[in-house]
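Let me begin by presenting the structure, written as structure tokens, before commenting on it.
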């Protein structure tokens, strides 16, 4: 029996398909050599639509994940997959069943209820707008209103980190640090528990900055990417962080998700 | 036997805990009346750490979800949960096992491999920076470089939508529309298949804009929130969309996730 190293994975959902796609990406990250194609089929709400997609799953010999909550769709997909020897992973119902039995409450079976346009949703939207508005120290007023203030020299991922945390509902402002720039007075009024200083390795920053120059079609050997310059910036930043008495995170081998989790964790413990 | 309507759900992970938290939010959205607390325990990488957390799960009578990939941690959590009648949902291993048997490839058992700092990751980071840089029509050059150009009048969620799509790796620029503003010439050079026009219901926009004025501590009855004004803006925008021959999406009852899925779906079909 031959084993393919390439594989079709289908995500079927009554909404966007984001939850199951996340599961696929996390699980398949464990198989760097497996070439897989993720096909997303969002907004399936009728049996007819579902049947058409299931025929495709059979044709592609696909692994199927679904996040259906409507019992009719769940029954349809299970029957079809059992009858056609298709592996079908039900992402939500194990937890839904457990919650039902624990709380004696019936699920409402409403598709895509995760994306309801409630207060939490609008809170997240305005946090995202806040992050864009107060990115890059654009307006120092943001530092006083923010839940979290992120400081860092160039290329320590302040912007994506701010946005990632905004997407979790936090109001985040960030300030780029340069030894030559004057710090806004507001920064000294921010509670140090709400402030985080990002730093990075000299070597890493030098590579990132050289790459950036190259992507602009410029000579990579600029003062901006020189190690002397970077060392000076890192020293300046770390000295400032000590004066401000804020948390310091070295982002050199961390993704924004990891850095964010560390910040939220330490906020909780304060 | 009494059933609580409040419940503790614990997410245990060797990395950030994002995948399992998503599953919890999606499943619990089906129970609007169940009061639950999600406790996230990220970065568990040693048996000792895990045991401490599992004792907490027992004390809270919690439902447990995990995304461990290390066989020793998986074995530890399963043994403990079975022995203590704790419901434990394994989010990743059903799919990991299926991929193993399909492809005859062993998973690498590396924690948090989803967040590896690879090309795809840096692509996402630069897409996020692009979205912030070219938000709100700040620099018309962005329209020519973008994968997707989003147009819309005030309060049609251009910014959060741009950011959400950037987080999926798309380079997105957006342009706010006002009947009084001059359109940048670049907009006529953009391929209409890469352009999306957002619109909304008059009533909805009026409410959102009144709320916004109130949140600024201002009288809600401004020309900005008047229905005549909004009608004029919507007409102007929809006429422009027809001239540009771009896709039109009414966002009135859609979340950004849903709008994004519609745009990506139609990009694929073009």
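Using N, Cα and C of the backbone, Cβ positions are placed for all residues, glycine too.
TrEMBL does not curate its annotations; it predicts them automatically.
Secondary structure at residue B:155 (ADP binding site), taken from DSSP and collapsed to helix, strand or coil, is coil. The feature ADP binding site is assigned by TrEMBL to B:152, B:153, B:154, B:155, B:156, B:157, B:158, B:159.
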Candidates B:154, B:156: member of the binding-site residues with the richest Cβ shell (10 Å): B:156
Of B:152, B:153, B:154, B:156, B:158, chain A-adjacent binding-site residues (C-beta under 8 angstroms): none
Residue among binding-site residues B:155, B:158 with least C-beta crowding, 10 angstrom cut-off: B:155
